[in-house]
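Student: After the C-alpha cells below, expect a handful of questions from me.
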Amino acid sequence: MASGGASLALAALLLVGCVAAAAATKYTVGDASGWTTSGDYATWASGKKFKVGDTLEFKYAGGAHTVDEVSAADYAACSSSNALSSDSAGSTTVTLKTAGKHYFICGVAGHCSSGMKLVVNVAAAKSSAPAPAPAPAVASAPDAADTTPDATPATTPKSPSSSGGATSKTPVTVLSPPAKKSTSGAAGLSAAAWAGLGLAGLVAVHLGAF
Ligand SMILES: [Cu+2]
C-alpha cells in the first residue's frame, strides 16, 4: 500500500507538471504579418486568452522596429523614453511572467501612433499546486503519511495527560489521525500532537473501562 500511495502521488505530480508545461502557449504577434506598422494588434489580441508563462514572439526586420514594454501611461502617449525593456534584434521573444496588462509599442518615431502597439491582458496561471499531498494521507495507510507534515490537530488539546507516551501503540488511530506516526518521530511531535495523544489515550481508557 505504501508503494501504491507513493506512485499515485508521483503520478499526480507528473500529471500536474505535464499539464502546466503543455498549457504555455507561444504567440507570434500579428501572426504571418509580424510586427509592422500595418498591423492591427487590438484585433489580433482580441479573443486570445493570455496567461502567465505564455510567450510573445515579435517578428520584424532587425533594426527597423523595436519592441518596448512600457507603462499604461506611456502606451497611451506612445512614449518609449521610460521603457521597461527594449529590443530591436528582429526577433524578440517576451515571456509573460506576471498577471495583468502588459503594454508593448514600437519606439521608432511615428510607428506607435500609426498602430504599432499591443496590449495583452495576462491571466494568472491555472492553480499550479492543487495540493495532492493531503489526499493519500487522509485516505488510509499510516505508512503513507510519514512523509506528510500534516500537523492539523483534529481534537482540541485539553489538559495534557501524563500517560501520553504510553499509548503510542494503542489502536486509537481512528480518533486521532496525528497520532499514527508517533512511534518514530517523538522528537518531531509538536505539543499539540502530544496533547492529542494524551486526549486519545484518555478516551481509550474510558472506552475500555465501560
Ligand atoms: Cu516600428
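For all residues, glycine too, the Cβ spot is worked out from N, Cα and C.
Below, the features straight out of TrEMBL:
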type	residues	note
SIGNAL	1-24	signal peptide
DOMAIN	25-124	domain 'Phytocyanin'
REGION	131-180	region 'Disordered'
COMPBIAS	131-171	compositional bias 'Low complexity'
Student: Limited to the domain 'Phytocyanin' (25-124), I'd like the whole-number average of pLDDT.
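Tutor: Averaged over the domain 'Phytocyanin' (25-124), per-residue pLDDT gives 97.
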Student: Treating G and I as helix alongside H, and B as strand alongside E, what does DSSP give for the domain 'Phytocyanin' (25-124) in helix, strand and coil?
Tutor: 14 helix, 35 strand, 51 coil
